[in-house]
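So the structure is just underneath, and the comments pick up after that.
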């Protein structure tokens, strides 16, 4: 390694390299310094060693060249010390503040939108329909195979697979409701009604309430699904209701009840055109969906007489229950259960962007493709118009803008059993939020098995 450098005064030795002390983790609550006056004495010694008479070199005309590469500019020792935080012989620690997820983000919604490639916004109705055909073929094939084999080794496997496929049908109907299925509202409505009615979901009634959920995500009072209960409402619940809401597996069976009577503290029904959920010009849509739902319910009753109630229960009833559990499981975990405390907002602190940034992505392993990448939930919540088959690419493009406001999901094994632990931990501690304050966090009721009063 070279130890001499050519300067305009001749040859002189390179400065010796002194390792500078490094400190441990940095906090913004404490500030400390390390006396480094030894640097001053070493620097004086170095200056004495490097003094060199160069007059003879200046007067001598150079008749030779050395082809070397040198930096355009070499920083001074003072600049290096300033960069390292050395002031008057003292090494100072730089303050690094802890990230606050409740703080307003340093970017705008338009910044995220600009980072997403333009083709991610393009809706391809043929591609969307191909997923519908795929899922319907799988559903019919599973039912035919189970009915043909008809043994108790096959039935549990069928229930798990068919319940998951019912959930996949729901996700495609969900895309119709957002308009990300195609740019044709009539096509979206027809496909959405066929898919959702087949699994006993009132398409327009749910579509409208889900739109309310997206428009108010992260808002304590105005959010629609799986929002936190304010303390006053939580403490007004009777013991049975409170236990059912926070004791597994009962919360995972809540969706049909929600369709009929919504969440605690809210009134109305997804089936009734005069519900608080809807405005007057949405009455016809709600009535249409309720009629389609009733037609499907009547068809199931008729099939019960044809094939018998036990066979209907095995082919449709149990898969429907598992579909409901999938829906509640996924919906809950996209808004709760993260290892870090996440804020909920009200009043002037809430905004569409800040509310959307509290949602969570989840990895479901092999199920990701089956349920159409619904686990990429952050970008979907901010931009529900993006088709599901572009969500992964859009998320990757947006990550540099989101920074720490994006929480990388835990990698899953082929089946997402790890999420069951996240669900159970959240049910034990995420019970209610304060009635006051515009930025609030979940608190724990110790009577429900929690070990602390807040997270």
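Glycine is no exception: its Cβ is also placed from the backbone N, Cα and C atoms.
Annotated by TrEMBL as transmembrane segment, the relevant range among 74-92, 93-111, 112-130, 131-149 is 131-149.
Per TrEMBL, the range carrying the annotation transmembrane segment out of 313-333, 334-354, 355-375 is 313-333. The feature transmembrane segment, as given by TrEMBL for the ranges 264-285, 286-307, 396-417, sits at 286-307. Across the residues of the domain 'Fatty acid desaturase N-terminal' (1-144), the predicted structure has a mean pLDDT of 63. Long-range contacts of the transmembrane segment (286-307) within the same chain, counting only residues at least 6 positions beyond its ends with a Cβ under 8 Å from a Cβ of the stretch, are 193, 196-198, 200-206, 208, 270-273, 275, 278, 315-316.
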